[in-house]
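J.: Pasting a structure below so you can have a look.
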Amino acid sequence: MSTAVVLFLLGRIALLNGIVLLVPFAAALWWREPAVLYFGPSFLSAVALGLLFSYAGRRHKRQIGVGEGASYMVLVWILLGYIGMLPYCMAEELPWVDAFFESIAAYTTTGTSCLPAGTVQPLSLLFWHRLMEWMGGLNFLILFVTVIPQVSGTFGMAVTAQQYLDFSPVVRRMHSSAVQAGKIYLGLTAVTVALFAVAGLAPFEAVTRALMTVSTSGGDSAFDFLHNDNIFLELAAMAAMTLASGNFLLYWKGVRRHEWKSVFANSELRAFVTLLFAAGTLVSLHLWHGGVYSFADSVRYGFFHVVSFISTSGFMAVELPRWPEFDRLILFLLVFAGGCIGSATGGLRVVRLLILARMAAQEMLRTLHPKMVVTVKIDGNAVPARVIGHVLSFFSFLSSFSSSRCSSFPFPD
């Protein structure tokens, strides 16, 4: 394994995230906050680290193999966690362990935090946290179109990646693919900011909530919809979360190549939209039939939470403990399913569910016709047996992990 290419790629990602530190630095200057003193040294540290790694890996062989790709996918999150914690440590807001946890939680878009509820932070540090969440979604997309397809189609992810971009393990081509994905991500963010601004949010809130929504990083009590009884804000969030749950590479195919017919014919996109509307209708009707809300409010809150949970954003507009167990179970299953595979959402992803469903249908056909030869196909392309094996492995792991977590919860007698 060549460490040079790993160091080179780590240097590039460190430089990118270091440059992003200039955004909260400029914001702190504008707001005249003392936090400006924390972002300057953090920027210099991140850029110096990026330049050091880039220099150490300058003689790389211009290609990345499986071993290098796997190493990079592990080390990049540790590097990002270190860069993200720098402003917190310099501000002495958190111990370094808590700062590292906060940084990793933001970059992985898990939406969790070790900060006590009601903690007051400088606006620039809060803005940096939102930027880390947004950059986490962008970093995943960069991984998705560059490194992940090279690492043996990890858990079946390459079944989608290689259909929309001409992937090559050559570093120059990887850079081109990353730029394409980044443009779509940035464009969707701009659209989301505009939607929230039209819905009535102040500029700072519109930007920060857009960063949270596009990255599907999860809810936050300071920006929760529980405190905003605004149907226009909820509609804007639903539109943004739905778009953020789609395949960004598919959007690129439509915008740049103008192949909208093939975009709308995409199997995963159709399955995602069908699942969203079916679950939204089911939850809305059950809430209305159970007398929880009026028909209009049932549709409003039912579809909002279905979109929120299938995108793994976790925003809430009402107190969910009031809901019947059936509806909460539907939301849990939607989180398990997740959005499309070319997005920053979590979960199993819809294309994997399609593969599992079609594989199950195959087995039933083989029971009736033992000599029948059939193949699993996605958009007319046969899915290799190796990819199906990866999908089954990931499904087994996720199911086992979820079951173990659920069994640890106390249940009433």
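Backbone N, Cα and C atoms are what each Cβ position is placed from, and that goes for glycine too.
Per TrEMBL, the features are:
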type	residues	note
TRANSMEM	7-31	transmembrane segment
TRANSMEM	37-57	transmembrane segment
TRANSMEM	69-88	transmembrane segment
TRANSMEM	140-164	transmembrane segment
TRANSMEM	184-204	transmembrane segment
TRANSMEM	231-251	transmembrane segment
TRANSMEM	271-289	transmembrane segment
TRANSMEM	330-351	transmembrane segment
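Quick one: how deep are these features, and who are their neighbours?
T.: With a threshold of 8 Å between CB atoms, the same-chain residues lying at least 6 positions outside the transmembrane segment (184-204) that come near it are 123, 127, 134, 137-138, 141, 210-211, 213-214, 230, 232-233, 235-237, 239-240, 243-244, 248-249, 251-252, 255.
When Cβ-Cβ distances below 8 Å are used as the criterion, the transmembrane segment (231-251) is approached by residues 141, 144-145, 160-161, 163-165, 181, 184-185, 188, 191-192, 195-196, 198-201, 209-210, 213-216, 225, 263, 266, 268-269, 272, 276, 300, 303-304, 307-308, 310-311, 313, 315, 317, 338-345 of the same chain, each at least six residues removed from its ends.
Residues of the same chain lying 6 or more positions beyond the ends of the transmembrane segment (271-289) and with a Cβ under 8 Å from any Cβ of it are 242, 245-246, 295, 298-299, 301-303, 305-307, 310, 323-324, 326-327, 330-331, 334, 337, 339-340, 350-351, 353-354.
Sequence-distant neighbours of the transmembrane segment (330-351) (same chain, 6+ residues past either end, Cβ-Cβ under 8 Å): 109, 136-138, 140-141, 144, 156-157, 159-161, 164, 214-216, 244-250, 267-269, 271-272, 275, 279, 282-283, 305-306, 309-312, 320, 378, 394-395, 398, 402.
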J.: Counting only residues 6 or more past its boundaries, what in the same chain has a CB within less than 8 Å of a CB in the transmembrane segment (7-31)?
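T.: Apart from its flanks, the transmembrane segment (7-31) reaches 39-40, 42-43, 45-47, 49-58, 60, 64, 72, 75-76, 79-80, 83-84, 87, 122-125, 127-128, 131, 135, 139, 142, 147, 171.
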J.: Restricting to the same chain and to residues at least six past its boundaries, which positions have a Cβ under 8 Å from a Cβ of the transmembrane segment (69-88)?
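T.: Sequence-remote neighbours of the transmembrane segment (69-88) are 1, 3, 6, 9-10, 13-14, 17-18, 21, 24, 35, 38-39, 41-42, 45-46, 49, 94, 96, 98-100, 102-104, 106-108, 125, 128, 132, 135-136, 139, 143, 147-148, 150-151.
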